[in-house]
Amino acid sequence: MDLRRAERNLKILGDANSDEDMPVAHSVEETQGQALFSESDEADAEEDAAESPQSGVGGRTTTAESGGEEHREQVFLSTQVQGRIDEFEATEGARRQFRQLVTGFTYAQEDGEANAGGRTAKRVPKVRRTRRNNTKVRSLTEFNTENFERLRKEDRARSLLTMLSGKTQKVNNLLRGLQQERSRERAFHGCSVYNEGEWREIVRLLHERLPKATRSDVACIKSYVYGDGLDETPWCASHARPPDCPAQSQERQGTCGPGDDELRIFTLSQLLEDQSASEDVIPDSMDAGDAVSLGSPQPQAGLSQHSFCPDSTATSPLRPPATPLTRAPASPLPVRVYTAPASPLDYIPDSEDDPYVLQGPSQARSPPSLLEVRRTLKNIGVRPGRSAAAVRKAAAAVARIEAASDAASLGTASDADRRSALFLRMTALVRRSPRLLAHIYCLRPVALDDLRAVLEADDDFIALLDDSLIRQWADFTGICVKNDTSDSQRPPQPLESQ
């Protein structure tokens, strides 16, 4: 739009300059620029340019050729075009200044002066190679192997000092300080050492716990326990056989002679059959091979002669001991016994010969209230009616079922007994229906409504039972009960007509 206005203005100015006979009009055109560039003139110029673009171009060319250098200095531009050009230049100048400001912007220094220089690349610290630490533990197994003795001594010293002094912190600080001095590290200033009194107490306890014994005392004790002619160590000598033991008992293995001085091994069946001790074959103990015999016990060896001492106090399962083992009689102590005189009415003869069971006297008891009966019926799974007559009728039916099942009465029986009586009643009703029984034996599911209908047909009392009680009875007896009566496994006819 600005280019068109500029072209139109140039055209008008060229026409005005080419007309030399009208100086007044030329001055008017120069002084009244706003009137010449009105909206009506602009619209007319646009229409003329649209109708004859070729003529306009030819006119501009003719005007440019006819005008001279003397008229070019007097070219007048529209104030609107000049204003737009000024705004564009101001915008470009502001953008240029802003770009320079952003380019030269930096953070202020500590002294408050801004750094006018450009951005500098961030310096990356140079990676320095660390020295290899030769004291670093590379293998835990190697460390434990090399320092096993030292660690064991330190642990023993720590445990011993802790047990004697009872001060764990002091012991740990002391050992830590010694370890740091050994490794030539900096001096340890945080340990708390023992004073003179504490060291004296530790030494006294050491003498009490570890009494000093001379070598002669140790040799005397060794000769008394193991004998004078002990050539081997006590551990090896304790496993050696007695020197006077016959060698033939060691050589023969599995042979059993008829001697009376040898012990025999018997099985339980031989003992029950009362067989003699001279039997050579023991068929129940082994399938093949010779019988196993035990040598006769040797006389007791003294402690000063032998290292093996058989125990003659062991009891044998075959023969009773010669001297029965009894406890020493305890000293008699006076004991006061209180006896209460029993009345002849409280005396009950205790005899196993009585063919009947003794029963105590029955005590009179008040009948249960209506609320208790209702609560009892709800606990066992019976739905009592709202009226008192319905509750009494249901209670009488339950009592009748309990009497038929040899259970206790409603007032004295427990809820489990009453529930068991109801289970027995429903089981008896199922056994009366051969069709239902065959249906159950075939492991076919039975609808709950059909099962209720069959049971209620034989006994009206089943209508008072809850569904939960019937399901519990079905789970107890192994009957598969289903809710959906439209199942495909449901028989096409009712159970009574099958």
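Each Cβ is built from the backbone N, Cα and C atoms, and glycine gets one as well.
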Per Swiss-Prot record, range annotated region 'Disordered' [choices 239-260, 349-370]: 239-260
Which is it, of 181-230, 281-330, 381-430, that Swiss-Prot names as region 'Disordered'? 281-330
The DSSP breakdown of the compositional bias 'Basic and acidic residues' (1-10) into helix, strand and coil residues is 9 helix, 0 strand, 1 coil
